[in-house]
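Engineer: Okay, handing you the structure first.
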């Protein structure tokens with residue numbers, strides 16, 4: 001995939017306000033830790049995550065996305081009528097039907113000819129949305145579009161902790177550990193063809209993207225509902241973290257080779273990378289496998305955890321705000337999502 005007239009003009013975000021430490025979660029798991037003689041502090045030691053953020057109880061997902069969207073509109077000064085598409089891409093959503101994007105679009109006051117829909121692709125949702133909007137722009141169908149997402153980890157972590165205490169086995173502990181890394185946040189990305197009179201000067205050019213998949217591994221990480229009684233369902237999430245990391249790194253290596261060849265880049269020509277945020281071990285193994293020096297990557301998982309689809313774009317926004325990403329940098333967005341899918345974007349910052 002190659003693009004010649006697609007630009008990212010805003011990466012606006014909203015962080016959830018409730019800070020939850022790893023030690024706080026461990027205190028709730030004290031009976032399990034005592035049974036297996038696990039010392040306190042292991043969650044942070046194993047993941048590198050000391051805290052994450054959650055939305056308040058009763059928070060509606062689309063509210064977070066709406067707030068981020070308003071920030072993006074304020075930053076760019078874009079006329080909402082120019083948005084040819086609004087796509088919501090979170091793993092979490094308000095309901096099955098209608099599309100969560102509909103409430104967000106209504107709050108923004110978009111025009112009647114705006115395409116409004118949801119896209120779902122595990123933690124790669126926002127990247128999938130970016131490419132979907134980019135294709136529309138490159139084809140000349142629209143001049144601008146917005147990708148929005150909001151993720152919430154509170155409910156699934158609470159359910160998981162209850163399940164870990166009710167079924168205190170080492171296998172259940174291992175399959176549940178990844179869930180405890182979940183964080184919460186929202187993001188809005190505005191893309192244009194570069195022709196609109198915006199008030200900001202941000203204009204990061206999307207150059208191209210590569211995507212490879214390994215769907216035979218679709219069972220390694222699952223989040224959904226399971227029947228626990230007659231017409232009684234409970235949310236669950238389980239992850240084979242060891243195998244997921246192994247197969248994810250292998251897929252990332254092939255995608256990286258494809259990406260560099262398509263862009264005609266050497267690995268040394270990639271100035272900075274922004275990765276989906278999972279944890280310390282994942283970061284170390286992925287960067288090592290791709291021969292990327294750690295100083296070229298900007299981590300946020302230590303204080304934000306894994307925010308699903310929101311992690312990578314929020315990390316990019318923070319990296320920009322803190323001067324890590326500079327004008328002219330050749331930047332790669334690197335994402336691996338359950339399924340397995342791997343997606344990499346090339347951007348001239």
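Here the Cβ of each residue, glycine as well, is placed from N, Cα and C on the backbone.
According to Swiss-Prot, the record shows the following:
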type	residues	note
ACT_SITE	97	active site, proton acceptor
ACT_SITE	123	active site, acyl-thioester intermediate
SITE	276	site 'Important for activity'
Engineer: Out of 97, 123, 276, which of the recorded positions has the smallest number of neighbouring Cβ atoms within 10 Å?
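Structural biologist: Ranked by other Cβ atoms within 10 Å, the recorded positions 97, 123, 276 bottom out at 97.
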Engineer: Between residue 276 (site 'Important for activity') and residue 123 (active site, acyl-thioester intermediate), what is the CA-CA distance rounded to a whole number of Å?
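Structural biologist: Here the two Cα atoms are 8 Å apart.
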Engineer: DSSP three-state call for residue 97 (active site, proton acceptor): helix, strand or coil?
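Structural biologist: Assignment for residue 97 (active site, proton acceptor) reads coil.
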